[in-house]
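Here's what TrEMBL has on this protein:
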- 257: active site, proton acceptor (ACT_SITE)
- 27, 132, 167, 257, 260: glyoxylate binding site (BINDING)
- 80-82, 109, 130, 158, 233, 255, 288-292, 311-312: FMN binding site (BINDING)
- 1-362: domain 'FMN hydroxy acid dehydrogenase' (DOMAIN)
């Protein structure tokens, strides 16, 4: 496909699939087990309808917003995606430059193939650091301090991965990090390489290194070693939302890990409102998973999200065209979001309300019963 003719971010996936080795494409694209949640992350967005307001002056539409005190151009941010140099030689560095050019937020994965220092070296930008908690807490403390020194603004603590989900594509492909790459943040700690195995090298790595005992007490411990705000990434229930707030988290990312952990959990957009209601405005709530259109971002904000994070589309853009591809992915999403706001009758983020959308449950509740009963 001629990339100059691309009109939406999903078309970048087709280009990326043609460029990437099968093992790499499957790693980025696949979900867990039956991949039901992977499909549901998209389908659930499709079941939400808009209730647009008309005769609103939309001559000027302002998509800017504030996240944890940072003014950004759009509530569409970049989710952590591991090992981006598998997609393009510049990997996370290209992504960082593209995201900074759009004045939005990039989240760097713990398992990046570029270090926090390398990413910081590309120039200024608002960046969060996604954290996996290793068994060796000294490794964690050292990594957090490095992220602080490199100018990162928040920690996004992933809490849904005590064990890696069963990703059958990775098992079939015997996924492993290509030999010329390392997990750069762990290079000097002898933790930057994966061993080759008979199934997924990443699953074996996680089993050997990541702490299965991670609990709320560790969130408290993290607060003692950093002054950075801690976002909890992987919450999809009201119960865990209450605990996150009680334990002093600065925000919540509603996430099912891109449908790569436990299959048959709800789509994140379906879980969002439950979390928003439980948070009760005490902390901001964000969403990742399944965002492929500007209309998806508008639906999430109408249901109470402060912003959304986009993962796979960024990698597809990166694989297709490097930094230019990531820039275009972000521009397409921003343009769609701006248009959707205007057509819904909202000229700034604060004007997006719950009344702008109707969920499937609300629609079904309005349908009168057509069942008739005969008396015997």
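Glycine is no exception: its Cβ is also placed from the backbone N, Cα and C atoms.
Projection of TrEMBL feature records onto the structure.
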{"residue": "82", "record": "FMN binding site", "contacts (Cβ under 8 Å, 6+ apart)": "109, 110, 111, 112"}
{"residue": "132", "record": "glyoxylate binding site", "contacts (Cβ under 8 Å, 6+ apart)": "110, 111, 158, 161, 210"}
{"residue": "233", "record": "FMN binding site", "contacts (Cβ under 8 Å, 6+ apart)": "130, 156, 157, 158, 159, 160, 253, 255, 288"}
{"residue": "257", "record": "active site, proton acceptor", "contacts (Cβ under 8 Å, 6+ apart)": "158, 160, 161, 165, 234"}
{"residue": "260", "record": "glyoxylate binding site", "contacts (Cβ under 8 Å, 6+ apart)": "30, 31, 32, 38, 165, 167"}
{"residue": "290", "record": "FMN binding site", "contacts (Cβ under 8 Å, 6+ apart)": "41, 42, 44, 45, 267, 268, 269, 296"}
{"residue": "312", "record": "FMN binding site", "contacts (Cβ under 8 Å, 6+ apart)": "13, 28, 29, 81, 258"}
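Every protein chain shown contributes to the tally, and the Cβ of residue 130 (FMN binding site) ends up with 24 other Cβ atoms within 10 Å.
Cα spacing between residue 80 (FMN binding site) and residue 27 (glyoxylate binding site): 14 Å, rounded to the nearest whole number. Mean model confidence for the domain 'FMN hydroxy acid dehydrogenase' (1-362) is a pLDDT of 94. Neighbour counts of Cβ atoms within 10 Å were taken for the binding-site residues 167, 292; the minimum is at 292. Residue pair residue 27 (glyoxylate binding site) / residue 292 (FMN binding site) shows a Cα separation of 19 Å. Cβ neighbours within 10 Å of residue 288 (FMN binding site), excluding its own Cβ and spanning all shown chains: 28.
The glyoxylate site in the record is lined by 27, 132, 167, 257, 260, and its two most distant CA atoms lie 19 Å apart.
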